[in-house]
Amino acid sequence: MNTLLVNQLQKKLGYTFKQNELLLQALTHRSASSKHNERLEFLGDSILSYVIANALYHRFPRVDEGDMSRMRATLVRGNTLAELAREFELGECLRLGPGELKSGGFRRESILADTVEALIGAIFLDSDIQNIENIILKWYENRLAEISPGDKQKDPKTRLQEYLQGRHLPLPSYVVVQVRGEAHDQEFTIHCQISGIDQPVKGMGTSRRKAEQAAAEQALIQLELE
């Protein structure tokens, strides 16, 4: 692995690893090695959820559980994590198998998002919970400052449905048009058909649910509600 790129990545993360093998594992997709990052991803997902929930709890003392859950979902969802990954220029450091490299896996949102979670797990194991909490809060500083409770935090499918119901229009239909990849690493493509948009709107994700949410989000953008 390119030492210069790894050093630049650690600088952007705001953390230098003591155990380089943890960093290497966090950057390794299952297509590249049997010692991949999925266990670290599992750990990082739980840590991220706790840190963001704790931050929202103290930042919004009068907000109810529903709004806090929606804000947390916005902050920890895949496209937010993929945005962070692109800010870190993480794609250049990923260890991918030949098939994923050929298909552009270093750009795929799901792989980028999963790797951010794996890095969180790796930093925790390399240090402690207080350290990773401080690092996550630094990464999310602007996003936490900008987020607020309300309808904007409802998931895209809910907002699209409420918009259409409010105008007495038919509910959207979601159709799976493609499933790509092996069972452990699939990518779904969904077409969403709604009144007011002539052509189906496309969404992609690592599950049918995520692809439907992505399609609904694109529909909201086309309806100029985002």
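Using the three backbone atoms N, Cα and C, a Cβ is placed for every residue, glycine included.
For ASP45 (active site), the same-chain residues lying six or more positions away in sequence with a CB closer than 8 A to its CB are VAL76, GLU117, ILE120, GLY121. Annotation source Swiss-Prot lists active site at ASP45 (among others), citing sequence analysis.
In the three-state DSSP assignment, the secondary structure recorded for GLU117 (active site) is helix. What Swiss-Prot lists as active site is GLU117 (among others).
Other C-beta atoms found within 10 angstroms of the C-beta of GLU117 (active site) number 25, with every protein chain shown included. Taken from Swiss-Prot, the feature Mg(2+) binding site covers GLU41, ASP114, GLU117, and the record attributes it to sequence analysis.
The domain 'RNase III' annotation in Swiss-Prot covers 6-128 and rests on sequence analysis.
The domain 'DRBM' annotation in Swiss-Prot covers 155-225. Assigned with DSSP, the residues of the domain 'DRBM' (155-225) fall into helix, strand and coil as follows: 29 helix, 20 strand, 22 coil.
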Handout entry: Nonlocal residues around ASP114 (Mg(2+) binding site), in sequence order (Cβ under 8 Å, 6 or more apart)
Key = ASN37, GLU38, GLU41
